[in-house]
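Peer 1: Structure incoming, see below.
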Amino acid sequence: MSVRISDVLPAPSNAKDQWDTEVTRDSWFKGQNASKPSTALITKQPPPYGKRAGFLPRAVEDFGDGGSFPEIHIAQFPLGMGKDSQRGAASSKTVALQYDESGKLRFDALVKQGHDKSKIVHTRLADTKSKMIDDEDPELQKPDEDAIRETTEATKAALEKIVNSKVASALPVQHAKKVGESQFIRYTPSQQAAGRPAQQRIIRVVEEQQDPMEPPRFKINQKIPRPPPSPPAPVLHSPPRRVSAQEQADWKIPPCISNWKNPKGYTVALDKRLAADGRGLQQTHINENFAKFSEALNLAERSARDAVEARNQVKKSIALKNKSAQEQKMREMALKAKEERAKNKSSTKEEIDEDARERDAIRRDQIDNIRRERNIARSRPDKLEKLRHDKDRDKR
């Protein structure tokens, strides 16, 4: 009888868990495990027979593992079968979780959405790395001669059928196609006359001969949009570099703009039109006669300016002389008028004094009348009224 060493040694006091590693002992890892609550699978079963009063199956869980309930007369969709796809798409806006063959969550389901299942979409880093190929892998083995022969014949027949249909459609006169063999079908009607046994019938199904001269019945000229192409393979690029100003200027290619045609009436800036003309790419050669011509123009302009300035000076001096003569004339006229005014002043002074004396006498008479009326109004008011009446009478 053999004795194992585990039977002799005592039991360990501190048993080590197989998941107890340096990573799992980290405080962050423990906090993550503690924060995740344990979820149990919740199943819901429909009520049994006899207890379904008022039961209306609406959700998928109401059906359990079975189908619809025929005794409940409402629209039922067990497991979502028969439900409108548009309503289902509008109700669920999230992509369902998908798992690969190893049980890991596939995060590339959103990238592959809208593409055919047969298309290969590279979404992982492992797709860019080299793989080990096993020569004995059955999927990588070449097909045998029989499989190659069958595939070749099937491909040849399919291509010949397509080519023959294209050639036949282009011919002015088409040959009649061979009609298939007729078929016999035994038919028993479901509804018979009352009191009569069911009578079986034999129906002969014959393919109708197609007229080779008949034009096409349907016009199929609709442009069907193409499906999305296969995504490109990932390419590992070098890190980006800052583009210099010279490189940016070199990459600016001006658009081609015509100088004669503008059918849509676009407004193009003059600098853009000249840039598209390509004149900036040509090397310009300036003739030396342009310098001589410009110098001669400058001399002529300077001489013309001097002549204009001399004429302006002459006109200015003449205007000053005329102005001084006019001022002297005006001064003499003012002096003469002053002397005449002094002579007339002595003769008109006596007339002015006589008029002033008359006005002063009238003013004194009016003041005396006012004082007299005031005194009468104070002493005898009744006499004032009579005095006013007499004055009005005298004025009349």
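Positions of Cβ are set from backbone N, Cα and C atoms, glycine also.
Copied straight from TrEMBL:
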| type | residues | note |
| --- | --- | --- |
| COMPBIAS | 225-234 | compositional bias 'Pro residues' |
| COMPBIAS | 324-396 | compositional bias 'Basic and acidic residues' |
| DOMAIN | 183-341 | domain 'SKI-interacting protein SKIP SNW' |
| REGION | 215-250 | region 'Disordered' |
| REGION | 319-396 | region 'Disordered' |
Peer 1: Go ahead and report the DSSP secondary structure tallies for the compositional bias 'Basic and acidic residues' (324-396): helix first, then strand, then coil.
Peer 2: 71 helix, 0 strand, 2 coil
Peer 1: Average the pLDDT scores across the domain 'SKI-interacting protein SKIP SNW' (183-341) and report the rounded value.
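Peer 2: The answer is 85, the mean pLDDT of the model over that range.
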